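Engineer: According to TrEMBL, the record shows the following:
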DOMAIN    44-203  domain 'NIDO'
REGION    211-267  region 'Disordered'
DOMAIN    341-574  domain 'Nidogen G2 beta-barrel'
DOMAIN    574-615  domain 'EGF-like'
DOMAIN    616-658  domain 'EGF-like'
DOMAIN    662-705  domain 'EGF-like'
DOMAIN    706-744  domain 'EGF-like'
DOMAIN    749-820  domain 'Thyroglobulin type-1'
DISULFID  C789-C796  disulfide bond
REPEAT    882-924  repeat 'LDL-receptor class B'
REPEAT    925-967  repeat 'LDL-receptor class B'
REPEAT    968-1012  repeat 'LDL-receptor class B'
Amino acid sequence: MGGIHICVCSTFQINTNGFVAMAQPSAESTYLGKMPAGFGMIAALHGDLDTGDGVGKVYYRQDASPATLRQAAEQINRAFPEDDEPEHAVVVTWVDVASRQHHDHSRGDGLEKQLVIASAETTSYAILLYPRKGMQFASTAVGGSSQAMQAGFSKGLVNYLVFSTRQGPYYRITTERETSVRALAEETNSGKRGVWVYEIGTSPYFTSVAPGEVTDLPPDTGLESRVSEEATSKRYPGGGQQVTYSPYEPEEEVYRKEQPHQGPHHGGQFTVHTVQYQPQVVVVDDGDINVDVFSYNSETCANNRNKCSTFADCKDYASGYCCHCRPGYYGNGIQCVSEGKPQRMNGKVNGRVYVGNSPSPVEFNSNDLHSYVVANDGRAYVAISTIPARLGPSLQPLSALGGVIGWAFALEQPGYKNGFSIIGGEFTCQAEVTFLPAQEKLTIKQVFSGIDEHDHLVVSTTLEGRVPEVLRGSTVQIEPYSEIYQYSSNLITSSSTRDYTVSLDDGSAETRTYQWRQTITFQSCPNDEAARAVLPTQMLSVDQVFVMYDSNNELIRYAMSNKIGDVNGEVTSQENSCFTGRHGCDTNAVCRPEQGTQFTCQCAAGFTGDGRSCYDIDECREIPLACGEHSVCNNQPGTFRCECNDGYQFASDGHTCIVDRPVDHCAAGSHDCDITERAHCSYSGGSSYICSCLPGFQGHGRVCQDIDECQSARCHQKAVCYNTQGSFTCQCRPGYYGDGFYCSSEHTKSQCETHRDRLLGSTEYGPQPVPGQYVPTCDSQGAYEASQCHGSIGHCWCVDRNGLEIPGTRTGPGRGRPLCIEQGPTVHVYPLPPGTHLLFAQSGRIEFVPLEGYNMKKTEAKTVLHLPEKVIIGVAYDCVEKMVYWTDITSPSISKANLQGGGAIPVIRSDLESPEGIAIDHLGRTLFWTDSMKDRIEVASLDGTKRRVLIDTNLVNPRAIIVDPVNGNMYWADWNRDAPKIETSAMDGTNRRVLVKDDLGLPNGLTYDPQSSQLCWADAGTVLLQSLQPEREGLRQGNQLRRLRPEREGLRQGNQVRRLGLEREGMGQGNQVRRLRYIIYILLPSGTHMIECMNPAQGDRRKAMGAIQYPFGITSHGKNIYYTDWRRDAVIMVDRQAGTETDVFLPQKQTRLYGITTAYAQCPSGKNYCAVNNGGCTHLCLATPRGRSCLCPNNALGVSCGTQK
């Protein structure tokens, strides 16, 4: 059945003929005996009734007393067990009312009935009560014949086409038969005889009337219903009777949740005195209710003009000021956007959602939401990222997640306004979704925070509740629907019922339904009386709905077309194309309707062209002095922005740049960050600072809340999780053993541990080895150490993963341990303790050394990750998610792992040859790497799904790479033997230039200290002696063998390398030489063998440390530089300011160390354009020194992305 829309405006009218009218009733002859009527009506039981001679009475009253509301709640909750309790109500009672044809009736044999209109926060109910003793007749005389009385709901006549009307929707409770009238006192839909409850939607319109769900009656006790007894038990002065169901206010959704309005509680009933033979109308007026719950500062435009949008004018009124968008723009004056210009929304989605009957929720935090609306045709697109496959398919029916966005920028029909035109971009929307028939409920809260510096609307979304399961692989189709929006000064409500079809893999399909109720709160300007006038109710029409879940990329997408217009949704056959969206104007143009079906296309403000094609105007170039002194002009699509130079800040007028007198609010304690136990204040220069929540807390830094890690199943299933402020602990349950992250019923020993413990034996003093006995050593994971030693005889040897000696590896006393290949299949992450650490790669391991201040706590060093048979080259750390990323040249691949516990997670496994250097932009959430075989630099999102080549020319051996996210710069080193160099560019690959090219040999490592703006590098120079084994084509250094690519090893003719040719050295092929084993290459000395630093903006190159041997990786923290050295197999600490080596850490494994990075306890301070909502980009957002670039991934074929239009 269609929606029923019966207005309960600021007045409603009570009629003695048994109904409440929402408009002026027409003549009796037009509605008696008819249902539906030609006007809005709630009919308790209407017919030709009479209250003459003081016999019949009509009573009404309003009330919000607790006793009244409890009684109404009892009736509602019996009919709708899950629904909310009412907050307001109005009661109308018809007592002893007679049929006009029996006007000479005696008191007590008339008709009695009662109507209660009760309203909860977002829903209205009609409660109808029919006592047995009050049902004395079932029909009245109409036109000379007897006709059954009617009960039900009717919208009345509605406009049709242009000059005609037709009957609107209605709902009939009774039929044409008298038996249906008499059944009202005997049956029920609420579980109580004679009581009927209907859910009739949100004010001021009633939608989708739903009857109560309980039609069974309890066993009859022989007593009349309480309704009947109470309706006849008490008398009022004047002969009336009291019906104890309370008076209620008419449903008007105008009350703030924080301060619910308490309606007037009248002390007694009010009798309606009538004129004989004339139906009486009682007007109940609640116009005194004040609904302005927000207020502007009642000042003048002189001091508040800057609070208006740049594209708005300020106007003074008697009580204050208001802002109004200028022609060509729309909004509420505080927020204005250009007519016809496409709009973008960006934000984050958080949620805790149960799927189907699952006992555990799917939780997600800070998932990206991006939306794009073509404003001149009302088409909206919404995408949400990183939705796990467990939840994604079941969110497909919720196109409503983009519904309020569609409403905000819907295509406007003549005389109607979309949401943004009315309330601007700062509002809160809360919706409740009820899935039928199982009554699963999901709450959606969306907070719109206005337009950011990129002209994008910012929205934060939270989901909480349960949704029915949609199986993986299923598709969802949503039918077109309409939604009624009702407006008051600071509140908008809407509701609708939506059907969707789920198509399964087996070809079967199922149609499902959910109910949608929504409340939007916002701040209006109370000073403009004309603007405060009650807006007409409007209908949002939504069609062409498309939904899809992309399981490969964990993306959910919605698309829909939106129009806002008349509640009837009627269109004419001669409709102008501007109102259908089929006009062909450019996406950056507004369609201007003219006479009839004629229209013109006009480019939006900030664009130029003929309307069919529009191009951005570069105001910075076209308008001289667009920005004032000490500022720069930044052109943006359709507009421009002025930014103050460094050392300046905007004055209070928002336009003039004045000298910035910096204040360190962190040191002064004048910041607004949360308390130090939950948040950290980071000074970022000038008077700026950044608030960030400490690990274990979440929020924006000004308010931080503890993360309950126990909700995300961080511990083993056989462990108990204990949440603490900022942290958590795991403890195995009784009878289980382990660290809480893994628990077992038995302490299962590894082969090495069993071997070791058997040899150790046991005494009353604990394990004791047999004198002279060899006892194997096991690593932290229980595997055999790769090298084993017998202390009694001084011999050492290598073993395989089963502990068996590898022939030819034994060394004698005094010769030290042999170099052994790592064994063991374990992949395990050791949770990183709190604090700042050094992370470095060593063969198939990533190890950490804690830092105390700037000093290494060498005794507490441990392996954080063990990946046997891998060669890890580069390491990088994401301080936001506490993840370590690394490159592996054996796979080759890029992977990551959570340092709080867990295993390795592949990120990129294709189209790689030799990935080496790696860097993380923790602000823009991207990773960068070099590939020394493909000779290119690439970038990708942190999950690897969006990947793009940035630089693939003029590279020979790129290795080290770092990024400076705050300033938008990228640096890398190319150790090309012929022309080594260090280069820089913006993080999008543009503005590439060489920083250093002279006096370089082998620049292996790079690091950048944002505090001092120092870029430092380590130069390994050249290797002195290497040899080639032709039959294995390998390059040998000592006992280690690696593959050779001559052109990459620098083995070529030139001023650095000389080859001892066979023929020239007299070693020609022939009888003299039967077998050639070695060709000797002599690499002449080059490079600096030192650490150097410079400020990239100044080019002031200086030496930080000299006489180093063979550095590979380098990182910095504070005043110190830390680097790994291949010759010393060590991590070496250098005081950069003093230029001296201050400490050395020798890992237990004496093998080559590769990349090194700093894992900060807290992210470094600073921000960039990509830090908020991905910078407004649909795919990759890459910071640049002056802003950001929105780029498409290389594989984004046929996808609309990149820089905003």
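Glycine residues also receive a Cβ, built from the backbone N, Cα and C atoms like all the rest.
Neighbours and distances for these, please.
Structural biologist: If you take every residue in the domain 'NIDO' (44-203) and average the pLDDT, you get 78.
The list of residues near the domain 'EGF-like' (616-658) in space but at least 6 beyond its ends in sequence, with Cβ under 8 angstroms from a Cβ of it, reads 306, 338, 341, 453-455, 588, 604-608, 686-687, 1186-1187, 1203-1205.
Counting residues 6+ beyond its ends, the domain 'EGF-like' (662-705) has Cβ neighbours under 8 Å at 365, 647, 649, 725-728, 834, 882, 1161-1167 in the same chain.
In the domain 'EGF-like' (706-744), helix, strand and coil residues by DSSP number 4 helix, 17 strand, 18 coil.
Cβ contacts within 10 Å of C796 (disulfide bond), excluding its own Cβ and spanning all protein chains shown: 20.
Only residues 6 or more beyond the boundaries of the repeat 'LDL-receptor class B' (882-924), in the same chain, are considered here, and those with a CB under 8 A from a CB of the stretch are 695, 714, 741, 827-829, 831-832, 839, 841, 846, 864-865, 867, 869-876, 930-934, 940, 942-944, 947, 958-963, 965-966, 970, 972-973, 987, 1006, 1155, 1159, 1163-1164, 1166-1168, 1170-1171, 1174-1175, 1181-1183, 1188.
Outside the repeat 'LDL-receptor class B' (925-967) by six or more residues, the chain places 386, 553-554, 874, 876, 878, 880-881, 883, 885, 887, 894, 896, 906-908, 912-919, 973-979, 985, 987-989, 992, 1003-1008, 1010, 1017, 1048, 1113-1114, 1164, 1166-1168, 1170, 1174, 1179-1183, 1185, 1191-1196 with a CB less than 8 A from a CB of the stretch.
Residues 917, 919, 921, 924, 928, 930, 937, 939, 950-951, 955-962, 1018-1022, 1049-1050, 1052, 1054, 1056-1057, 1086-1089, 1094, 1096, 1099, 1101, 1111-1116, 1118, 1121, 1123-1124, 1156, 1164, 1166, 1168-1169, 1182-1189, 1191 of the same chain sit 6 or more residues outside the repeat 'LDL-receptor class B' (968-1012) yet have a Cβ under 8 Å from a Cβ within it.
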Engineer: Summarise the repeat 'LDL-receptor class B' (882-924) as counts of helix, strand and coil residues per DSSP.
Structural biologist: 0 helix, 23 strand, 20 coil
Engineer: Suppose we draw a 10 Å sphere around the Cβ of C789 (disulfide bond). How many other Cβ atoms does it contain, all chains included?
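Structural biologist: The answer is 18.
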Engineer: Which sequence-distant residues neighbour the domain 'EGF-like' (574-615)? Criterion: at least 6 residues beyond either end, Cβ under 8 Å.
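Structural biologist: 311, 328-329, 338-342, 374, 376-379, 411-414, 561, 563, 565, 637-639, 1205.
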Engineer: What does DSSP give as the helix, strand and coil breakdown of the repeat 'LDL-receptor class B' (968-1012)?
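Structural biologist: Across the repeat 'LDL-receptor class B' (968-1012), the residues distribute as 0 helix, 23 strand, 22 coil.
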